[in-house]
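Remarks on the structure that follows.
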Amino acid sequence: ACGDIPEQIRSPSGTITSPGWPSEYPARINCSWYIHANPGEIITISFQDFDVQGSRRCSSDWLTIGSYKNIEGYRACGSSIPSPYISSQDHVWIRFHSDDSISRKGFRLAYFAGKSDEPSCDCDQFHCANGKCIPESWKCNNMDECGDNSDEEICAKANPPTASSFQPCANNQFQCLSRFTKLYTCLPESLKCDGNIDCLDLGDEIDCDVPTCGQWLKYFYGTFSSPNYPDFYPPGSNCTWLIDTGDHRKVILRFTDFKLDGTGYGDYVKIYDGLEENPRRLLRVLTAFDSHAPLTVVSSSGQIRVHFCADKVNAARGFNATYQVDGFCLPWEIPCGGNWGCYTEQQRCDGYWHCPNGRDETNCTMCQRDEFPCSRNGVCYPRSDRCNYQNHCPNGSDEKNCFFCQPGNFHCKNNRCVFESWVCDSQDDCGDGSDEENCPVIVPTRVITAAVIGSLICGLLLVIALGCTCKLYSLRMFERRSFETHLSRVEAELLRREAPPSYGQLIAQGLIPPVEDFPVCSPNQVRFQNN
C-alpha cells in the first residue's frame with residue numbers, strides 16, 4: 001500500500017493499519033488503499049486506534065477517506081479517535097501521509113461492506129433500525145456505525161448486571177464475572193493469581209506477580225509455548241527463550257499456532273538473530289495481526305532469542321512453536337532428500353510443495369504419473385504447468401512456493417514466478433520488489449522525447465533571438481554611419497568658409513558709413529587683425 005500502486009481490497013470486511021502499527025510509522029511515506037465492494041453496497045469504516053501527529057489543518061501527517069482518488073472527503077490527525085465513516089458509493093479511497101518530522105503509533109481501522117437495507121442479518125451481526133447490518137462487536141462501543149445511532153441506543157436502555165445486584169461472597173471468596181457463563185459468581189480466593197483466567201474482566205489475574213517463564217534450549221530441535229497454552233496466558237507475562245543448538249547452521253523457527261491479544265498496548269513476540277537483545281539483529285516482531293499459522297522465521301546462525309511480552313489489559317490463547325537446525329528433520333518428519341528440508345505425513349499430497357524438489361507431492365494416488373495434485377480434491381497438473389505464472393489450479397497452488405521457475409520466467413525472492421519480460425519495467429510484479437532490484441538506470445522514452453522536443457524549441461528560440469539581435473545591431477550601425485557622414489560634410493563646409501569681418505573693419509574699409517562715436521580701427525589695427 002505504501003508503494004506507487006494502491007492496495008486493492010475486495011474482501012467484504014477486514015482491518016487496515018498504518019505501517020509498523022502498533023510501533024511508530026516511518027517518516028516520509030505515502031500509502032493508499034482502495035476498497036471496492038459489490039455493486040449496490042456501502043462501506044462503513046470504524047476506527048479502533050488512532051494516534052497521528054497533529055498539526056494546523058492536519059498539514060503534517062494525515063489520513064484521508066473519500067469516494068475519489070484525488071478529492072478529499074474526510075481528513076483526520078491527532079490522537080482523538082475519529083467518528084465512523086459511511087460511504088455513499090460502493091468504493092472508498094484511504095490515503096495516509098507522513099512528513100519527515102514526528103512519528104506516532106499510527107492507526108488501526110476496521111471496515112465492513114454491505115447493503116444499506118437488509119431484511120435480516122447473520123447471527124454474528126447486528127441489525128440496525130435503518131435496515132443496515134454491522135458486526136456484532138461494533139454494538140455498544142460508543143461509535144455510531146449504523147448511522148442512526150440504533151447500535152448505541154440499545155445500550156442505554158439495557159440494564160447490565162452489576163456486582164452490587166448480587167449477594168456478598170464469603171470471606172474466602174471473591175466476586176467475579178465468569179468468563180464462561182458471562183454471569184457474576186463467587187469463586188474461591190485460591191483461584192486468584194493462579195495463572196489461569198477465570199473472570200471476564202481479568203480481575204483474578206491483574207496485579208499479580210508475573211509468573212516465571214522461558215527456557216534455555218540446547219538441542220538440535222525442540223518445542224516451546226506461551227504460559228498455560230492452549231489456555232489463555234496470564235496478563236503481564238514476560239518470557240524469554242534462548243535457543244543455542246551448538247551448530248553453525250541456520251535455525252528454522254516455526255509457530256504452528258499463534259494468537260495474541262491486540263487490545264491495550266498490544267502483546268508481541270520479538271525474535272532476534274543471536275542470543276543478545278540487539279535491535280540491529282531483530283528478525284521480526286509478531287503481534288495480534290500475525291494470528292495465522294504457520295509462521296516461519298530463519299536465523300543466520302545456530303542461535304535465536306525469542307522474547308514474549310504481554311500487557312495487563314487482556315490475554316489470548318498464545319502460541320506453540322517448534323525449532324530445528326536447517327537440514328535436520330524432527331523425529332516425526334520425513335526428509336525431502338539431499339539438503340532440501342523435511343515434511344510431515346499430514347503435508348504429503350496436500351497440493352503445497354514443502355520440498356523444493358516436490359518429493360512430498362509425487363506419486364499421489366489421485367494423480368497420474370508425473371502429475372501433481374492441486375489439493376486433495378482430485379485436480380492435478382503436469383510438471384510443465386508448475387511455476388510458469390499461469391494458474392492451472394483453482395486455488396493457485398501450482399504457483400505457490402516456487403523454488404524454481406519454468407524457462408522464460410523470473411524467480412522472485414518470495415518464491416513467486418513472473419515473466420522475464422516484466423523484469424526492470426518499473427512495476428513491482430513480484431510483490432516484494434525483487435524484480436526491480438539492481439536494474440540499470442534507463443530513462444523512459446517519454447522523458448527522452450520530451451527532452452528532445454524541449455531542446456529543439458529552445459534552439460529555435462535561440463536562433464530567433466540571435467537573428468533579432470543581429471537585425472537590431474545592423475539598423476543601429478546604419479543610423480550611426482548616416483549621422484556621422486552628415487556631420488562630416490557640414491563640418492567640412494564650415495571649415496572652408498572664412499569668418500565674416502567685424503563691424504569696425506567694415507567701417508574702416510569704407511564699406512559702410514561710420515556711426516557717430518563708434519570706435520574705428522586704424523589701418524594698422526586692421527592690418528594687424530587681418531594678419
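Yeah, the Cβs are placed from backbone N, Cα and C, and that goes for glycine too.
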Selected from Cys405, Cys412, Cys439: TrEMBL disulphide partner of Cys424: Cys439
Whichever of Cys387, Cys393, Cys412 is disulfide-bonded to Cys402 when TrEMBL is consulted: Cys387
Cysteine paired with Cys146, where TrEMBL records a disulfide bond, from Cys128, Cys133, Cys169: Cys128
Cys193: disulphide-bonded cysteine as recorded in TrEMBL, out of Cys186, Cys199, Cys208: Cys208
Cys405, Cys412 - which one TrEMBL pairs with Cys430 by disulfide: Cys412
Nearest recorded site to Cys402 (disulfide bond) by CA-CA distance, among disulfide-bonded residues Cys133, Cys146, Cys424: Cys424
Those disulfide-bonded residues listed as Cys121, Cys128, Cys133, Cys208, and which of them has the most Cβ atoms within 10 Å of its own Cβ: Cys128
Residues in the domain 'CUB' (2-114) grouped by DSSP into helix, strand and remaining coil: 3 helix, 55 strand, 55 coil
Cβ-Cβ neighbours of Cys412 (disulfide bond) (radius 10 Å): 20
Tally of DSSP helical, extended and coil residues in the domain 'CUB' (213-326): 6 helix, 55 strand, 53 coil
Cys140 (disulfide bond) versus disulfide-bonded residues Cys128, Cys193, Cys349, Cys417, Cys430 - nearest by Cα: Cys128
Cys155, Cys193, Cys349, Cys364, Cys405, Cys424 screened against Cys412 (disulfide bond), Cα within 10 Å - retained disulfide-bonded residues: Cys405
Sequence-remote partners of the transmembrane segment (447-473) [C-beta within less than 8 Å, at least six residues beyond its ends]: none
